[in-house]
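A quick write-up on the structure given underneath.
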Amino acid sequence: MTLARFVLALVLGALPEVVGFDSVLNDSLHHRHRHSPPPGPQYPYYLPTHQRPPRTRPPPPLPRFSRPPRALLAQRPHALQAGHTPRRHPWGCPPGEPWVSVTDFGAPCLRWAEVPPFLERSPPASWAQLRGQRHNFCRSPDGPGRPWCFYGDARGKVDWGYCDCRHGSVRLRGGKNEFEGTVEVYASGVWGTVCSSHWDDSDASVICHQLQLGGKGIAKQTPFSGLGLIPIYWSNVRCRGDEENILLCEKDIWQXGVCPQKMAAAVTCSFSHGPAFPIIRLVGGNSVHEGRVELYHAGQWGTVCDDQWDDADAEVICRQLGLSGIAKAWHQAYFGEGSGPVMLDEVRCTGNELSIEQCPKSSWGEHNCGHKEDAGVSCTPLTDGVIRLAGGKGSHEGRLEVYYRGQWGTVCDDGWTELNTYVACRQLGFKYGKQASANHFEESTGPIWLDDVSCSGKETRFLQCSRRQWGRHDCSHREDVSIACYPGSEGHRLSLGFPVRLMDGENKKEGRVEVFINGQWGTICDDGWTDKDAAVICRQLGYKGPARARTMAYFGEGKGPIHVDNVKCTGNERSLADCIKQDIGRHNCRHSEDAGVICDYFGKKASGNSNKESLSSVCGLRLLHRRQKRIIGGKNSLRGGWPWQVSLRLKSSHGDGRLLCGATLLSSCWVLTAAHCFKRYGNSTRNYAVRVGDYHTLVPEEFEEEIGVQQIVIHREYRPDSSDYDIALVRLQGPEEQCARFSSHVLPACLPFWRERPQKTASNCYITGWGDTGRAYSRTLQQAAIPLLPKRFCEERYKGRFTGRMLCAGNLHEHKRVDSCQGDSGGPLMCERPGESWAVYGVTSWGYGCGVKDSPGVYTKVSAFVPWIKSVTKL
């Protein structure tokens, strides 16, 4: 080793282990030993001319071989067979398959498929897996040991050399913590840097993923070291962002010169799901897909206790790390004991959560464990030969399917035996099993992958059994193998579940069903949606009470893709995935058909009646008002959020029971609406009914009630050819104060004071109704915040039509048009009073169009009619 190289190694901390200083000097990072090729046609093999390196390149030196591949022992030069064995040194290869594609002296590896004559003459069967492979990564096909590869010298000869797996390793230096710093790359025995030219977040993300510091990287730049001793290896790195290793990215070898701004590439790593989720890593495993679970919290890494640790917890960990496939929990420090604090205990995930933070668990730092109980997981990727059971009531039974080339397919039952069933169930983590009738499960529509399978019973994997080639069969799907497995003590099965959430409900137990598939939340179409489907959704979410299905976008329309259609659950399945019979993304629906559920549904209904004394204490109360939704420019309301909203409907003899007007409940027996609602069909009580407690017009609900009309009172000054005095009262059928039953979803609104000026006393005003949303009439109750305007706006716009018995309201901004429309006539304009009670200040009356610029809505001013209302209703 030269003095300059020794100083450089000392600065970088890369000085080789000193077995003897003389041996270090004689055995430098680049070996110089050469041997002559043996005679004969078999070795060396000459490359075609177009594959040869240019002759101007000096022949690369061979390494000293500490232990060459067994298959090449007979083909090595005699001098090498009888020669000395040089000092052995670690080569930095982790378990698994490295991404290195150069020898430890810098010669680029040939693709394995580029030397077929040599491989065909090589007898070991273990080499067959490399025949035809287009990659050039170093491998050890003849057994455990140091990986190697073939390379071509300048004369076109094929030779081989060992690889140093540390080549391409990365580290971060100079940052404030382990998640940030200048990127350093290991190559040719020395750590070096990367020029920051074209360095972006995709490149940074690959670095973070390679270091297991999260999937999200932010590209940074740092000045080069002033010493100038650190080499620059690459520039213009061009990663896609999904590479496993920086070696797999396109890049330019540094040819000296000036790096732009003299800046080196640097990164800041973070977890891709955002700061709300704890950072997780897997430590001590044989690959990035397994290890002891460690969480980063309060500035340090710690472990998780394995109390109640199961595959559902592992499913969440794997999902949070972005690792799909088989999730399995490991106990009792299977991947070694940690050394930091024990962060969490008693983790009890359902398997649906996106982060361990969302699972029930102990408080941070609370536990009764030692590191002998450290929890671990393995997240085995989906690979050819993975099996599952589909179409059954759970993951323990169903049609046997095998994963091959990115697609699930079935197995033909020709020659099927109990031993085959035993091996399949054992691979799925069950102890026992039996063949089931194919008639119990729906036929598959995918490929038939396997036929004539024959197992001895000793196999640990299904693909170890003898069988035909993939896709070769003489069967139909009527011959698909179906089995039922019985649980064993170790559950190791493929989890087919995906996260489910409920959106836009009154509480977390109800809402529009959304599922997380292919990295995106989407909805379920309500074709065939029943209470049995709802039961499975609620069970998957951890609810044990009765479940009810809701259809026709009962909880509002979703915005993402429609993932699933024609769900067919029996009600006993473990998760929604067990009910899906149709390809993901295939449907014939719109978001107006989004499915919903209500979990722990008990249908409790209040039956209390109102009286004059209690009316003042319950009027204007909104018991459910924590969320807001469309009149023109509006949003879906919260179910039960406007309990005084009622609808005036035509009886079926005069139509289909359709909505005619909105209205406001003033007491158990009296309703306020607009006089013009009765212009077309007259004021005969036989023509009308009033519906209270409604939310979705097409879905019957537990608080919903339709009541007949006993009396219609139109203000005596109202004229059909005018819009003034547009107010009416409706008396419901029933005994005094016992017409509509009050509940959390059915309550009266308060009246304003006589001559009260709401522009001065009221704030936070809303209009509600089922009217025109700008696209169609809404099925769900809509709401929209609306400002009260000075009367001059309406006087200027409507001239003499606007009187002192009217209110002017609406948003005049071009991008915030809010207005009531057809179908909302007679509905309330509500404003919140001090003290959190709500009063009806306006009755939707008229206007020029819907949401038209500079044309605010006009509402009957209720405060001008309070004496008349009280004289009629006796309130």
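Counting begins at 1 with the first residue displayed.
Placed from the backbone N, Cα and C atoms, the Cβ positions cover glycine too.
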Swiss-Prot pairs C765 with one of C808, C821, C831 in a disulfide bond, so which one is it?
C831
Among C138, C249, C259, cysteine joined to C195 by disulfide in Swiss-Prot:
C259
Cα distance, C249 (disulfide bond) to C165 (disulfide bond), nearest Å?
17
Which whole-number value in Å describes the distance between the Cα atoms of C599 (disulfide bond) and C525 (disulfide bond)?
18
What are the non-local neighbours of C525 (disulfide bond), defined as same-chain residues 6+ apart in sequence with CB under 8 A from its CB?
I562, V564, D565, N566, H587, N588, C589, E593, D594, A595
Suppose we draw a 10 Å sphere around the Cβ of C379 (disulfide bond). How many other Cβ atoms does it contain, all chains included?
24
Which residue, of the disulfide-bonded residues C305, C750, has its CB surrounded by the fewest other CB atoms within 10 A?
C750
Would you count the other CB atoms within 10 A of the CB of C677 (disulfide bond), including those on all shown protein chains?
24
How would DSSP class C305 (disulfide bond) in three states?
strand
Nearest of the disulfide-bonded residues to C379 (disulfide bond) by CA-CA distance, picking from C195, C305, C369, C765, C794?
C305
Give the sequence-ordered list of residues that share a chain with C369 (disulfide bond), lie 6 or more positions from it, and have CB atoms under 8 Å from its CB.
C305, D306, D307, V342, D345
Taking 10 A as the limit, how many CB atoms besides its own sit near the CB of C794 (disulfide bond)?
24
